[in-house]
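Student: Quick paste from Swiss-Prot:
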{"type": "DOMAIN", "residues": "9-202", "note": "domain 'Glutamine amidotransferase type-1'"}
{"type": "ACT_SITE", "residues": "C86", "note": "active site, nucleophile"}
{"type": "ACT_SITE", "residues": "H176", "note": "active site"}
{"type": "ACT_SITE", "residues": "E178", "note": "active site"}
{"type": "DOMAIN", "residues": "203-395", "note": "domain 'GMPS ATP-PPase'"}
{"type": "BINDING", "residues": "S230, G231, G232, V233, D234, S235, S236", "note": "ATP binding site"}
Amino acid sequence: MTQTAHPDTVLIVDFGSQVTQLIARRVRESGVYCEIVPFQSAEEGFHRLKPKAVILSGSPASTLDTGSPRAPSVIFDSGLPVFGICYGQQTMCAQLGGKVESGHHREFGRAFLEVEKDCPLFDGLWSLGSRHQVWMSHGDRVTALPEGFEVVATSSNAPFAFIADEKRKYYAVQFHPEVVHTPDGAKLIANFVHKIAGITGDWTMSAYRAKAVEAIRKQVGDKKVICALSGGVDSSVAALLIHEAVGDQLTCILVDHGLMRKDEAANVVAMFKEHYNLHLLHIDASDRFIGELEGVSDPETKRKIIGRLFIEVFEEEAKKLGGADFLAQGTLYPDVIESVSFTGGPSVTIKSHHNVGGLPERMNMQLVEPLRELFKDEVRVLGRELGLPESFIGRHPFPGPGLAIRCPGGITREKLEILREADAIYLDEIRKAGLYDAIWQAFAVLLPVQTVGVMGDGRTYEFVCALRAVTSVDGMTADFYHYDMEFLGRAATRIINEVRGINRVVYDVTSKPPGTIEWE
């Protein structure tokens, strides 16, 4: 998975927890590199990475079930520090001679730990006799400890909530230190990697930038690279990093499908040409895309048309350039993790970016993926390192199919223009109110519904516009943003007065789940 060797690495063995990525983010935040490896290939990962410490994740499985996941014995034979979390604690105990039973009292949500013994993991954090909030999510629990372990903290329903074998540097907890609901959890993980494992850590985006540039130069040599640039954070940072490495050997192609936000394509082109002197081709293919999309109402059909046309247009333009051996792609570490899944085991096929699909195979090109070790928040930090304007770094997520999936029902050029204007006004009001950075994602949706209205002395029969805004940490779950009514009234009034074709505005108060963030 790695592009370059990392001398100080933490191996995270994934047993299928939904929050394993949060463990990795906490380790990275402490300045230490880590990789997630599914338990099926953990032994191979251990030998490949040569880690300085190991963390065992949670899991929906039960150690009581036949064939449930286990950590490879090489981890416990290595003499390395090991930190088990939830299921990781249970399998550690089961494998080392302890006992795990199904709990009579399931424990989900907030719990409170009582510190019963001093422990190196508590250094500078918790003191003997203190009480601390943690987040539990378990049914099974440890009922007998392996030899050498002792209890260092308990909760009302988990007498072995925090255990340690300090001689072997084994630590294990029944709660989840990686989630925000355990306020001191990130510090506990930092103490494990720094004070227990003795890793000082040199994982910074400044250091990563230098290593990535070197790796790109080594991979590409004097060959040409093409990059599909959307103006989003991932493709923008990837393009700048590659440009820093190989300069004019990189050509970026921005395919304008006519489904972008107001002035978006022009702004992206202007920024990259004026500030970075980057070779960028702006291909206006809007007529081609919208021509095929007009009248199409099924959202999956829309996506397929857009994906197919993007590949066709990009391939045509790339062939005109000729001689490119490499295709740049903004693959992130979560994409890599998903492709090497808990359920499916290791896979040699990395998940393709939704826009460039099968292009590498079709065009006989090799991939350059300079961001494939990074999480989204790290990409943003790297973007700042590279001098990308904050207006680009902090942009809300925007779907690949663009406005096509914010226009439910059949698409027409007229409806797209109405939506584009309404969306621009809405985002303008959000920025004026100083709310943009507090919101994960905000956008307008043009509904396939017309209602009666009165404007001046006349009757109108025009479209309904829905406004959407959500708060989220990772997009997996989301809550609608709680605007005050004065803001909503102001935004609605502007849209109705300034956008011909809309006479009613509503606000979407659906959370995820049960709804999704996008409407299609």
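Positions of Cβ are set from backbone N, Cα and C atoms, glycine also.
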Student: Taking only C-alpha atoms and a 10 A limit, tell me which of C86, G232, S235 are near H176 (active site). These are the recorded positions.
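Tutor: Hits: C86.
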Student: For E178, D234, listed as recorded positions, tell me which one has the smallest number of other Cβ atoms within 10 Å.
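Tutor: Output over recorded positions E178, D234: least Cβ neighbours within 10 Å is D234.
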Student: Including all protein chains shown, what's the count of other C-beta atoms within 10 A of the C-beta of S236 (ATP binding site)?
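Tutor: Counting Cβ neighbours of S236 (ATP binding site) within 10 Å gives 27.
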Student: Can you give me the same-chain residues 6 or more apart in sequence from S235 (ATP binding site) with a CB-CB distance under 8 Å?
Tutor: C227, A228, L229, G330
Student: Calculate the distance in Å between the alpha carbons (Cα) of G232 (ATP binding site) and E178 (active site), and round it to a whole number.
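Tutor: Between the alpha carbons of G232 (ATP binding site) and E178 (active site) there are 28 Å.
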Student: Give me the CA-CA distance between D234 (ATP binding site) and the residue listed as 'active site, nucleophile', in Å, as a whole number.
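Tutor: Rounded to the nearest whole number, the Cα-Cα distance is 33 Å.
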Student: Among the recorded positions listed here (C86, V233), identify the one with the smallest other-Cβ count within 10 Å.
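Tutor: Candidates: the recorded positions C86, V233. Fewest Cβ atoms within 10 Å: V233.
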Student: Which residue, out of the binding-site residues S230, G231, shows the minimum number of other Cβ atoms inside 10 Å of its Cβ in this structure?
Tutor: G231
Student: To what whole number does the mean pLDDT across the domain 'GMPS ATP-PPase' (203-395) round?
Tutor: 84
Student: Using a 10 Å cut-off, grab the number of neighbouring Cβ atoms around the Cβ of H176 (active site), all chains included.
Tutor: 23
Student: Excluding S230, G231, G232, V233, D234, S235, S236 themselves, which residues in that chain have a Cβ inside 8 Å of the centre of the Cβ atoms defining the ATP site?
Tutor: L229, V237, A238, G330, F392
Student: G232 (ATP binding site) has how many other Cβ neighbours within 10 Å of its own Cβ?
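Tutor: Taking all protein chains shown, G232 (ATP binding site) has 18 Cβ neighbours within 10 Å.
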Student: So, three-state DSSP: helix, strand or coil for G231 (ATP binding site)?
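Tutor: Looking at the DSSP assignment, G231 (ATP binding site) belongs to neither helix nor strand, so coil.
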Student: Cα distance, G231 (ATP binding site) to the residue listed as 'active site, nucleophile', nearest Å?
Tutor: 40
